Amino acid sequence: MGGAVVDTGDCGVKAPDGGWGWAVLFGCFVITGFSYAFPKAVSVFFKELIREFGVGYSDTAWISSILLAMLYGTGPICSILVNRFGCRPVMMVGGLFASLGMILASFATNIIHIYICTGVITGLGLALNFQPSLIMLNRYFSEKRPLANGLAAAGSPVALCCLSPLGQVLQYNYGWRGGFLILGGILLNCCACGALMRPLTAPKKTSEVEEKEKETKPKPKPKLLDFTVFKDCGFLIYTVAAAIMVLGLFVPPVFVVSYAKELGNEDTKSSLLLTILGFVDMFARPTCGVIAGLKWVRPRCVYLLSFAMIFNGTTDLIGSMSKDYPSLVVFCIFFGISYGMVGALQFEVLMAIVGTKKFSSAIGLVLLVEAFAVLLGPPGAGLLLDVTKNYMYVFLLAGCEVFLSALVLGICNMLFIKRKPEQPDPPAKMEMAIIDAEMEELNKAPKNEQDRRGGQNGKKQAVEQEAMEKSDSKIVEEPESIGVDSIELENSSKNVTEPNGVVVEPESSL
């Protein structure tokens, strides 16, 4: 096998928008599903863990919190590793960590072991897969990137619908230890997804001159973490808006089941609400990706994200007034639509703001900021619930936070960001330059042919003109010999007087 190719992200290759990119998209779909659904799927085993270790529900809830904290908080570390080693090796090592954590957790003897193995090790492994997969998706897709982001984001609800029932089956048949062991084996698929992330490489040069020029040019050393993204006003606006949004975005899915139980519905009926939400979310994400890819929508994608956030916040505000199960079902349907729109657009907008070259650093820094909001959002809503004993205030708070983030994103972009004409990425510029050069050569060929034909015609005309001038000179200018003969004839035509006085004419003299 050949040596590994490190994808630096600046190889001067235009995004193929297809081909092997569909395999990369499939890998990103699976990784996104594992990353977002796994913390929720693990909650199926909480009752068994409470019985096994004699702890409370709040103690087991820390497992999911640590998983999410590692997923978001290790963003800068992932960015540094990706910029240093490339996406593929980082993802394959991350898959090993994710699997190893669950396998070690199956031998745990207390809850602290679960925190370390499942929370820290598995969480770190999922983080090392999630961020690089998005980076590779950004490199393989340009024109079709909104659709690709929507399809990849659909992995979250699909995996949630699959992993939660699977966890219940594993717990029933093998217990929590056997379930953790099998889930660890399933997470090894992250390594297979990482292997799909083939780096893009520039085509080989055929000209020796170009090779020598390439050797003489100093290769810039890639930055491990590019903090210059903070100089971008658009990035700052996006980061602030995303942090505010995350405070309330994940609150309704956490509390909607408990809200339904509070209204007197049974457990199975209440859990069905999450299934409805996930099913709607599954179709909303790729649909929104298609809409975002439309020619007149894509340049205004940031405003479409603002609309999705306003839609989500308004749904929370109206859903806070739900008093029965049918109204909660309607709330979950509309929340699933808006939640799917936000999920499909959030990383697409970030890619559009910072570009391909800086995306690996930008996403790590954004996830780090969001990590604090993720840790504060649901616990803060829980504290509000303990104080007020009313779910209405929880949903009102979440709706206001998401609505505020939409206003920050939309209004600040309108006021502080000047629209620039879309410029193609450096790879696209290179390809356009090559096409222009080829067209120039093609245009030169007919011109040269015309000049050659014109030259031949000019020579032909010059020869013909010269011949005509010579013929005219023969007609107009008489030769010198003819002039002399005429003089002689004139002299000879004169009368000659002999010495004896007799006039003699030339004819008579003859």
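Any Cβ shown, glycine's included, is placed from N, Cα and C.
Remember, it's a predicted structure, so these values are computed and weren't measured experimentally.
Per TrEMBL, compositional bias 'Basic and acidic residues' is recorded for 444-454 (among others).
Summarising the annotation, TrEMBL assigns compositional bias 'Basic and acidic residues' to 461-477 (among others).
Residues or ranges marked as compositional bias 'Polar residues' in TrEMBL: 489-498.
Feature annotation from TrEMBL assigns domain 'Major facilitator superfamily (MFS) profile' to 21-422.
Positions annotated as region 'Disordered' by TrEMBL: 444-510.
Counting same-chain residues at least six beyond the ends of the transmembrane segment (20-39), those with a Cβ under 8 angstroms from any Cβ of the stretch are 63-64, 67-68, 71, 91, 98, 122, 126-127, 129-130, 133-134, 136-137, 140-141, 148, 151-160, 162-164, 187, 189-190, 192-194, 196-198. Residues or ranges marked as transmembrane segment by TrEMBL: 20-39 (among others).
Residues 35, 38-40, 42-43, 46, 49-50, 90, 111, 114-115, 118-120, 122-124, 126-128, 130-132, 135, 224-225, 360-361, 363-368, 370-371, 374-375 of the same chain lie 6 or more positions beyond the ends of the transmembrane segment (60-82) yet place their CB under 8 Å from a CB of it. Taken from TrEMBL, the feature transmembrane segment applies to 60-82 (among others).
Summarising the annotation, TrEMBL assigns transmembrane segment to 102-126 (among others).
With a cut-off of 8 Å between Cβ atoms, the residues of this chain six or more beyond the transmembrane segment (147-166) that come close are 21, 25, 28-38, 40-41, 44, 133-134, 137, 140-141, 274-275, 278-279, 281-283, 285-290, 292-293, 340, 343-345, 347-348, 351. The transmembrane segment feature in TrEMBL is assigned to 147-166 (among others).
As annotated by TrEMBL, transmembrane segment applies to 178-197 (among others). Through the fold, the transmembrane segment (178-197) approaches residues 23-24, 26-28, 30-31, 34, 38, 41, 45, 87-92, 94-96, 98-103, 105-106, 118, 122, 125-126, 129, 132-133, 136, 167, 170-171 of its own chain, all at least 6 residues removed from its boundaries and within a Cβ separation under 8 Å.
For 235-260 (among others), the entry in TrEMBL reads transmembrane segment. Long-range contacts of the transmembrane segment (235-260) within the same chain: residues 229, 269-271, 273-274, 277, 302, 309, 312-313, 316, 319, 322, 325, 328, 331-332, 335, 339, 342, 346, 349-350, 353-354, 362, 365-366, 369-370, 372-374, 376-378, 380-381, 385, 391, 394-395, 397-402, 404-406, 408-409, 412-413, 416-417, each at least 6 residues beyond the stretch ends and with a Cβ under 8 Å from a Cβ of the stretch.
Residues annotated as transmembrane segment in TrEMBL: 272-294 (among others).
Residues or ranges marked as transmembrane segment by TrEMBL: 301-322 (among others).
Per TrEMBL, the feature transmembrane segment maps to 328-350 (among others).
The transmembrane segment feature in TrEMBL is assigned to 362-385 (among others).
Sequence annotations record features per position, and here TrEMBL assigns transmembrane segment to 391-416 (among others).
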Let me spell it out: take the transmembrane segment (391-416), skip the flanking residues so only those 6+ beyond its ends count, and list any with a Cβ under 8 Å from a Cβ in it.
233-234, 237-238, 240-242, 244-245, 247-249, 251-252, 255, 258-259, 262, 302-303, 305-307, 309-310, 312-317, 319-321, 377, 380-381, 384-385
Under an 8 Å Cβ to Cβ limit, what residues of the same chain, 6 or more beyond the ends of the transmembrane segment (301-322), are close to it?
146, 238, 241, 245, 248-249, 251-252, 259, 288, 291-292, 328, 331, 334-335, 337-339, 341-342, 345-346, 348-349, 352-353, 391-396, 398-407, 409-410, 413
Intrachain neighbours beyond the transmembrane segment (102-126), with Cβ under 8 angstroms and 6 or more residues off its ends:
34-35, 38, 42, 49, 53, 55, 59-60, 62-63, 65-71, 74, 94-96, 177-178, 180-181, 183-185, 187, 190
Could you give the mean pLDDT over the domain 'Major facilitator superfamily (MFS) profile' (21-422), rounded to a whole number?
87
